[in-house]
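Chemist: Pasting a structure below so you can have a look.
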Amino acid sequence: METKGRLIAGSHKRNEFILINADETARVTSVKELSGQICKICGDEIEVTVDGEPFVACNECAFPVCRPCYEFERREGNQACPQCKTRYKRIKGSPRVEGDEEEEDTDDLENEFDISADGRRNPHHITEAMLSARLNIGQGSQANVLGFVTPSEVDSVSVAPEIPLVTYYEEDIAISSDKHAVIIPPIRGKRIHPMPLLDTSMSTQPRAMDPNKDLAVYGYGTIAWKERVEEWKKKQSKKLQVVKHQGEKDGGNNVGDELDDPDLLMMDEGRQPLSRKLPIPSSKINPYRLIILLRLVILGLFFHYRILHPVSDAYGLWLTSIICEIWFAVSWIFDQFPKWYPIERETYLDRLSLRYEKEGKPSELAAVDIFVSTVDPLKEPPLITANTVLSILAVDYPVDKVACYVSDDGAAMLTFEALSETSEFARKWVPFCKKFKIEPRAPEWYFAQKVDYLKDKVDHTFVRERRAMKREYEEFKVRINGLVAMAQKVPEDGWTMQDGTPWPGNNVRDHPGMIQVFLGHNGVHDDEGNELPRLVYVSREKRPGFEHHKKAGAMNALVRVSAIITNAPYLLNVDCDHYINNSKALREAMCFMMDPISGKQVCYVQFPQRFDGIDHHDRYSNRNVVFFDINMKGLDGIQGPIYVGTGCVFRRQALYGYDALVKKKPPVKTCNCLPKWLCCCCCRSRKKNKKAKSNEKKKNGEASKQIHALEKIEECIEGIDNDKSELMSQTKFEKKFGQSPVFIASTLMEEGGLPKEATSVSLLKEAIHVISCGYDDKTEWGKEVGWIYGSVTEDILTGFKMHCHGWRSVYCIPRRPAFKGSAPINLSDRLHQVLRWALGSVEILLSRHCPIWYGYGCGLKPLERFSYINSVVYPLTSIPLVAYCTLPAICLLTGKFIVPEISNYASLIFMGLFISIAATSVLEMQWGGVGIHDWWRNEQFWVIGGTSSHLFALFQGLLKVLAGVNTNFTVTSKAGDDGEFSELYLFKWTSLLIPPMTLLIINIIGIIVGVADAINNGYDSWGPLFGKLFFAVWVIVHLYPFLKGLMAKQDRLPTIIVVWSILVASVFSLVWVRINPFVSRGGIVLEVCGLDCD
């Protein structure tokens, strides 16, 4: 879309549309989709002949087969078409084989069918007809006023009029026997007339058939040809394995002529799977599973002993400890069993390039729209956002396939001006990155890395250009810093743009929607004359009285506006502080999304979060390594990882609320060979299953593809005339997606793309319309479509809804981290971040989308549900955790204990429980690749966060849901400017510090009192004291990072010395008071011992 680099602002409800400082209206260049035929044997694209027609192997049924498969079948196979069994004829350019007829040098295939090019069906015809009422770009004057086309209109543009049409399984008496009829292959096998919209991935060209022949001859309606193709594939794979085995056996040398066989080209790297699963070795996973089962048994014995042996003189303490321990066991089960099937994955980027980036042809990689979200430029510095945008623009991906959308939900002119500066600097930075293939491609982190930047560099101009680029970046930083300094003081009349126009976003809560295309339109190239990816600034409209749904609403606005401007089939969302650290990250994701075998089932590819700027000790477990390297790998073996809010590549159709494609199961054993009593049971179960399936279909909603959606609409309105049918179709789509025919048409284009010849003015008006403040009212947005509303952690809820629709997700861990970001290393900011996450989980727990009761009977797997339950109930653990951390202090102060005198049997149970806990952790660290330091930091912060942030989140969530008291979360600061790890020692008081501080104080006092009491009572009291001291020390050790952060930075004395000094001084003082050697005790008291010394 070309806007001449000007800002577009407007409001659909107020009928405002302003093109600021624009002198002319530009045109939109059409986006041409390549929709070639696919070989039904190898899955590769069928080549196009010199006449522009696809290669046709069989003259009888036109079964789609590429030339290599055709030549292999003639040379090695049965020389017949897999579908109609007609013997293949030799085609020009193919070698002769035995049995060929005596024929001329070539077969006259070019003029065999007299079908005009206009008869081919174009999937864009339907979309253009839908948009004709709004955009006036229809194919003719008979456009439907509703924006939809009637079947008659489709027929007129789909099939040439001189060729009669017959339907499947029916004979048309109007067709004479001496004429040929067009057979249009079925898509889903239900249609009896041409589809309103074709699935481009399954499109085939109409071919002439003899209507006198039985259709089964051509293979329609049968599955015999599929079985033959599968057998043929098995033979191919066996042959390849034999050849590889022989090659390895002979040291890699050629053995015979088979290795030089040209038909092995169809089994090259480009035709192999684009990724593979790497299961955890059995030597690691089997002991791990055994220990889990053993731990379950020990837990049963432990609770059996604890419940049957109460403490009579401390019944309250005993009962409290039992309740807490039972909850800990339940939460452990929800956390442990989703890690039962951990896997890893490996991608093959070279195969992706061989398959979709063929030499001499345009790249066939799918387009990707990338979303960057920001709110407050003072807390999310523009320089960090600029680095993220620059890393996106320089990504290793075709430039015409990448579009970057920056959502400014604060409508800040600072963000707008910073993005303008970024677009100018990108014209120098992007060619530098691609020329020298540097990593990472965020300039701040590239120039800051302490590595040998000359490694593997052979171009003698690199040093000179790097120095020049570093100077350019430093000047760019100065300009950005100048904008930030200027933005500190807002003028009384508000901000004004360079041309004197008032900034439309001066009122943050009341402003129109704004769109500006900085890069990607005609005439804007880099300094070397190359095209740049598209860069678009978006700020959605905000008005008083409307609910804007925070980040989820902003992301949904980006989904809609990107569908109008570029409509890429895949989306990537990153936070403003998460830059692309691996320039091939998009290719890594496409290895899963574009895989021809399993790609259609994947809704999103989640990458782990990695962070820069964290202290080496990771005091507050910011890296969260245990979650990303253990829990997420376990989920990947079930139905996929949960969505964590950033670094995730989505399938656009999955965000639209469509169901995943369901794989058909092979036919099971019939009842004919079973006993009658078993047959009766089988029949009953079948009836139940049939009834359940029918209910499931009603409940699941719309299908995953556009054809499914249209079919369901037609099924509901069967028997109604076309006008009413189209009216109901439009109403159903508008209730789901909103009242924008352009956007509705884009949702029906599964492979993406834009309508042809649409004017930029019409598309811009639609773009302003879809980001208006009330667009998603009374629609399915936020309920079934897009990011789901109702929680501040919209990421968990959005991924959960997708998994409920039957989709699966994928966890991708490249060798070089795909994304890196910044994390709050200050204690207070870290606790506030955890508070927001926990509050979102509480909101989901108390909503209708709670995984405990939502989504049964759909595509969500049981262990995946366990994981989602654990992700929303973990804040409840704060109450038993606080109580359990208080028990040691109470026991030390009162002299009582939660366990009676321990017998040998109880000692064995306790020892077995501790050993099993330790063994489980060690084995998890082993197969997850996690160090003991990271594991221990995770355990410590589990206690710190559980006794502070989780506890507050629980009460705030209850107040919000039950009493309607709303809480606003604080945007976390992204960086510090006062030196490395400067914020680590910054102390900020917050009420979140009170509970853990209280626990620390009472446990330290408890230890002091317990030791003093033991000294007072003599030797016999030390034995019971050790158990109480163990639990108290356990609490203090887990809260030690909190205590260290509370002490802040000590300039002269280390914190550890201060803590130990206080403890030692307290103990020494108590001992001194007990001994008291300088005070007289009234002399020595003599008593008769009772022994007869004589």
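Every residue gets a Cβ built from N, Cα and C, even glycine.
Predicted automatically and left uncurated, TrEMBL annotations should be read as such.
Below are the features I grabbed from TrEMBL:
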type     : residues  : note
DOMAIN   : 39-85     : domain 'RING-type'
REGION   : 243-262   : region 'Disordered'
TRANSMEM : 288-308   : transmembrane segment
TRANSMEM : 315-334   : transmembrane segment
TRANSMEM : 872-893   : transmembrane segment
TRANSMEM : 905-923   : transmembrane segment
TRANSMEM : 943-965   : transmembrane segment
TRANSMEM : 986-1012  : transmembrane segment
TRANSMEM : 1024-1043 : transmembrane segment
TRANSMEM : 1055-1075 : transmembrane segment
Chemist: Report the mean pLDDT of the predicted model across the domain 'RING-type' (39-85), rounded to a whole number.
Modeler: 80
Chemist: What stretch of 288-308, 905-923, 986-1012 shows the most Cβ pairs under 8 Å to the transmembrane segment (872-893)?
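Modeler: By Cβ pairs under 8 Å, 986-1012 leads among 288-308, 905-923, 986-1012.
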Chemist: Who are the chain neighbours of the transmembrane segment (315-334) in space, where the CB to CB distance is under 8 Å and they lie at least 6 residues beyond its ends?
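Modeler: Same-chain contacts beyond the flanks: 299, 303, 306-307, 866-867, 869-870, 873-874, 876-877, 880-881, 883-884, 887, 890-891, 896-899.
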Chemist: May I ask which of the stretches 288-308, 905-923, 986-1012 has the most CB pairs under 8 A with the transmembrane segment (943-965)?
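Modeler: Stretch with maximum Cβ contacts: 986-1012.
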Chemist: What does DSSP give as the helix, strand and coil breakdown of the domain 'RING-type' (39-85)?
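Modeler: Helix/strand/coil tally for the domain 'RING-type' (39-85): 10 helix, 4 strand, 33 coil.
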Chemist: State the non-local partners of the transmembrane segment (905-923) in its own chain: residues 6+ outside its ends, Cβ under 8 Å from one of its Cβ atoms.
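Modeler: Answer is 284, 287-288, 291-292, 294-295, 298-299, 301-302, 305, 309, 336, 899, 935.
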